[in-house]
Amino acid sequence: MSEEIITPVYCTGVSAQVQKQRARELGLGRHENAIKYLGQDYEQLRVRCLQSGTLFRDEAFPPVPQSLGYKDLGPNSSKTYGIKWKRPTELLSNPQFIVDGATRTDICQGALGDCWLLAAIASLTLNDTLLHRVVPHGQSFQNGYAGIFHFQLWQFGEWVDVVVDDLLPIKDGKLVFVHSAEGNEFWSALLEKAYAKVNGSYEALSGGSTSEGFEDFTGGVTEWYELRKAPSDLYQIILKALERGSLLGCSIDISSVLDMEAITFKKLVKGHAYSVTGAKQVNYRGQMVSLIRMRNPWGEVEWTGAWSDSSSEWNNVDPYERDQLRVKMEDGEFWMSFRDFMREFTRLEICNLTPDALKSRTIRKWNTTLYEGTWRRGSTAGGCRNYPATFWVNPQFKIRLDETDDPDDYGDRESGCSFVLALMQKHRRRERRFGRDMETIGFAVYEVPPELAGQPAVHLKRDFFLANASRARSEQFINLREVSTRFRLPPGEYVVVPSTFEPNKEGDFVLRFFSEKSAGTAELDDQIQANLPDEQVLSEEEIDENFKALFRQLAGEDMETSVKELRTILNRIISKHKDLRTKGFSLESCRSMVNLMDRDGNGKLGLVEFNILWNRIRNYLSIFRKFDLDKSGSMSAYEMRMAIESAGFKLNKKLYELIITRYSEPDLAVDFDNFVCCLVRLETMFRFFKTLDTDLDGVVTFDLFKWLQLTMFA
């Protein structure tokens, strides 16, 4: 069979955002209606290949060196020398997608440090319903084979259907990355390829937390337990989690890079992700012993301590029970006592498939809300609470807790409202090839004081955070994809502030909120409005004679200034203010000033118009100096936000992002001329809108001529 190369169509920028919003409104992104990743439709592509007698070749993730990686697995790396891309049908006469159902032994790690992902896949095989959500039925290398397969993954709040071809990296006739123990099953290798595709390359999968894989296969939320500080009923929590079908993983922390994947005396691997696949209590010499079953994704290197495959403890267990539990083959799976587990391992991750009864004994439906947000330099990336001058500009979200938990759950404890916050940064693995990795992220929770409770959604300002301490916060700021914490707080209103640790670190994020009882949530943002002064009415007689003489000297005998003359006048005046950092006013900015002030439409400013403009600029200069807090002659982007409000404008965070992009320098400084240009532009646009909004409903309708007139000449 020949190969058919099918190139996907990409949408970018505003077009992509509009399409995404429309898709959500149509219900796309839920598991039963997954979004076609990169617009690739599995059925359409498969049918096309079958009709043309060709095998699918995916140009969105082509079989080329760049798909392997960018550094350690980059095109010039010795590790990728000799790698070829082949289909399973070229390797075996009778390859299989899945044989007798997916099992944990189908997943053996190859030459890639993605044990965290493989541990998650291994846990996935314990639940057929979950597995077949991720690995759809009906795929094979026999009936209807066209070299194309598909998988469904949860990506930052949406389910996506990811198409891949079956060209896999091969070296010396063997799969380079994940493979099955028998060597003839390929579902796990193709799932790994789909995951590599959404993250940009195979190398992007190196190193991570099992919780990432858990969540991307389920859409669930992960809880972390540091085993040195674990609750006394952790074993019961594990049993309940396994009963619910939750996915569990664990690892041993390392103290230095040299410890990475070091093997302990009893054959445990440090810095390596294991999956927890079972838990059972057995009668051992008349006492009940709690056991836990683990699996190493390598498919080998197993625990050799008590309760390992060949240990003597099994001789003192009822033969029937022993045969049910005991694992004899070298497949990476083993039992150990829970006591040894607590002693040897450092961290446990439990991904709850739905946010039901987290750490609770009774299962009930939790309420869920998801928000998307961004951190942008100069506008919404304020850093953590250690940076009080900028912390307040971070995105803010309000939670209203009304109902307390049922008393059955907590006995005599003080009543409160339980909820989980989970902050996840987006697309960081995909951006590794550009030198960007996980940012250090976290969040703080503030109680809204009674005098501010119930007010409309207003972004809280710097003074609030200077005067109020956080009521709760994430357990730590850490450079993981997601930070999640469970809280119990009294009823009331709270504000959540997600942030990076340092200011000016850019990124996109998803904030998920899970509450046991009904709760109100909202994103806080200022409503767009302007407190514009009435347009000044002034006669020439009211203007000071000295100002008239100065204007005559600058403007000439016609007593009018053109755009060029205005630029000359303003730059001559502003150059005398040595304390200001400025490059001078541009023709474009002076044209905006003329458009704002020109009453008779001749494109020039007369004496009265110039006098009004000059008084306005003097007011802007006063505001500029007030908010140039360090007296550097320029404002920071964050200082500019306060200055704009002082000038009478309230804008939402999206507009601030646009303004900072347009009017700040690369170092995020805003000089005086750019500040004036921004305020003039804002006033012009607000006044245009006010003129057109005749019924004062905040909505205007443009025909094409009006739109062009507004955008081209405002």
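One is the number of the first residue shown, and numbering goes on along the chain from there.
Yeah, the Cβs are placed from backbone N, Cα and C, and that goes for glycine too.
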Among 271-286, 303-318, 527-542, Swiss-Prot marks as region 'Linker' the stretch 527-542
One should report the C-alpha separation between Asn316 (Ca(2+) 2 binding site) and Glu639 (Ca(2+) 4 binding site), rounded to whole angstrom, as 73
Residues in the domain 'EF-hand 1' (541-576) per DSSP class, helix first, strand next, coil last, are 25 helix, 1 strand, 10 coil
Once DSSP output is merged into helix, strand and coil, Glu639 (Ca(2+) 4 binding site) belongs to helix
Whole-Å Cα distance, Ser634 (Ca(2+) 4 binding site) to Lys604 (Ca(2+) 3 binding site), is 30
Rounded Cα distance, in Å, between Asp598 (Ca(2+) 3 binding site) and Asp114 (Ca(2+) 1 binding site) is 65
Per DSSP, the domain 'EF-hand 2' (585-618) contains 23 helix, 1 strand, 10 coil
The DSSP breakdown of the domain 'EF-hand 4' (680-714) into helix, strand and coil residues is 23 helix, 0 strand, 12 coil
One should report the C-alpha separation between Asp323 (Ca(2+) 2 binding site) and Asp628 (Ca(2+) 4 binding site), rounded to whole angstrom, as 76
One should report the C-alpha separation between Asp600 (Ca(2+) 3 binding site) and Asn296 (active site), rounded to whole angstrom, as 80
